[in-house]
Amino acid sequence: MTIIRKKHPLIKIINHSFIDLPTPSNISSWWNFGSLLGLCLIMQILTGLFLAMHYTSDTATAFSSVAHICRDVNYGWLIRYMHANGASMFFICLFLHVGRGVYYGSYNMIETWNMGIILLFAVMATAFMGYVLPWGQMSFWGATVITNLLSAIPYIGTTLVEWIWGGFSVDKATLTRFFAFHFILPFIITALVLVHLLFLHETGSNNPTGLNSDSDKIPFHPYFTIKDFLGALILLMAFMILTLFFPDILGDPDNYTPANPLNTPPHIKPEWYFLFAYAILRSIPNKLGGVLALILSILILAIMPLLHTSKQRTLTFRPITQTMYWILVADLFILTWIGGQPVEYPFTIIGQTASIAYFTIIVILMPIAGMIENNILDLD
């Protein structure tokens with residue numbers, strides 16, 4: 001078996017990636033989320049495939065086809081709710097994975113980090129298009145509002161929006177193409193994940209100390225396969241509790257009403273995992289400014305390596321920057337809450353304050369904190 005594992009052209013790639021991979025011995029449970037994201041991706045592709053067998057991407061029948069899946073298909077209700085809540089689990093793992101990367105300075109592995117940002121955008125695009133497919137009220141109006149943001153682009157904006165719509169409003173052509181893109185994107189994401197892993201295995205994993213761990217590496221199997229398996233069990237347990245006991249808790253009741261272009265819902269809002277970015281978008285009165293802030297709220301991650309001023313890689317031994325980091329996390333929770341609130345006082349002012357705080361902490365306060373900590377170290 002050892003000979004095949006190490007000599008076979010295909011199996012040896014798997015061997016070097018998941019079995020004999022030299023791994024830092026001290027990586028904590030925060031390093032579990034990569035494998036959990038892989039598990040989420042596999043679950044989403046499988047449940048999505050079974051849903052696609054029964055779904056019809058036509059405005060006249062899309063809503064009915066989803067109802068048919070839930071009522072008439074064997075375990076269709078389970079597949080549908082696993083897919084819907086699987087997206088939420090995916091984003092929980094994604095946010096924790098990115099948060100871990102920021103905390104432990106993993107952004108210094110620039111190729112891996114940039115690939116991760118591309119993956120984040122791809123997953124967000126996939127989730128957005130998937131939310132449109134059931135063709136409920138929030139699906140329709142969410143698609144209308146978010147695609148309309150592109151009209152803020154000077155000169156080509158309106159033409160671009162109509163090109164994406166395939167007409168002069170969100171209609172049959174839009175739904176059909178969104179289904180096509182929603183189907184193909186997860187496979188593109190899978191390919192990007194392999195590139196992400198390729199870059200990661202060029203440098204090796206980071207670790208909680210941020211120090212070089214070449215002198216203290218252990219094989220990935222069995223130590224971390226067991227650890228990842230435990231993480232997967234915990235994730236699946238939480239996921240099944242969510243899916244079987246609270247399937248609609250993260251959804252919007254408006255999406256159980258068929259799409260009606262003549263009736264606007266009182267509060268148009270995206271799924272919970274986009275609310276922080278939506279709050280940043282709404283906090284700027286100017287349309288183009290809002291769109292730029294929305295894109296920058298994610299793209300700001302790309303300049304994190306440039307904002308790293310500390311002599312130490314991680315935040316493990318940096319209490320001042322740690323404080324800034326946890327204030328940033330609290331700020332993101334506030335933004336998520338504000339994104340789901342109506343546009344009225346005091347929510348608007350809270351949203352604007354939280355949006356300013358978000359960019360200020362990342363661009364100004366954390367780099368300054370890093371420099372202060374450098375000076376404290378020099379004093380010693």
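Glycine is treated like the rest: Cβ placed from N, Cα and C.
Positions annotated as transmembrane segment by Swiss-Prot, on the basis of similarity to another entry: 33-53, 77-98, 113-133, 178-198, 226-246, 288-308, 320-340, 347-367. Here Swiss-Prot flags His83, His182 as heme b b562 binding site, drawing on similarity to another entry. The heme b b566 binding site annotation in Swiss-Prot covers His97, His196. Look at Swiss-Prot and you will find His201 tagged as ubiquinone binding site.
Here the features listed in Swiss-Prot are painted onto the structure.
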residue	record	contacts (Cβ under 8 Å, 6+ apart)
His83	heme b b562 binding site	Gln44, Thr47, Gly48, Leu51
His97	heme b b566 binding site	Phe33, Gly34, Leu37, Gly116
His182	heme b b562 binding site	Gly48, Thr126, Met129, Gly130, Leu133
His196	heme b b566 binding site	Thr112, Met115, Gly116, Leu119
His201	ubiquinone binding site	His16, Ser17, Leu21
Hey, would you say the transmembrane segment (347-367) packs against the transmembrane segment (288-308), going by three or more CB pairs under 8 A that are 6+ residues apart?
yes
Given a Cβ distance threshold of under 8 angstroms, which distant residues of the chain, six or more beyond its ends, lie next to the transmembrane segment (226-246)?
29, 32-33, 35-36, 39-40, 78, 81-82, 85-86, 88-89, 93
Where among 33-53, 113-133, 320-340 do we find the most Cβ pairs under 8 Å to the transmembrane segment (77-98)?
33-53
His182 (heme b b562 binding site): secondary structure state under DSSP, collapsed to three categories:
helix
Excluding the flanking five residues on each side, which residues at least 6 beyond the ends of the transmembrane segment (113-133) place their CB within less than 8 Å of a CB in that stretch?
55, 57, 62, 66, 87, 90-91, 94, 97-98, 101, 106-107, 139-140, 142-143, 146, 174-175, 178-179, 181-182, 185-186, 188-189, 192-193, 195-196, 199, 270-271, 273-274, 298-299, 301-302, 304-305
Pairs of Cβ atoms less than 8 Å apart decide it: which stretch in 33-53, 288-308, 320-340 has the most with the transmembrane segment (178-198)?
33-53
With Cβ-Cβ distances below 8 Å as the criterion, list the same-chain residues six or more beyond the ends of the transmembrane segment (320-340) that contact it, or say none.
99, 102-103, 267, 269-270, 272, 274-280, 282, 310, 347, 350-351, 354-355, 357-358, 361-362, 365-366, 369-370, 372-373
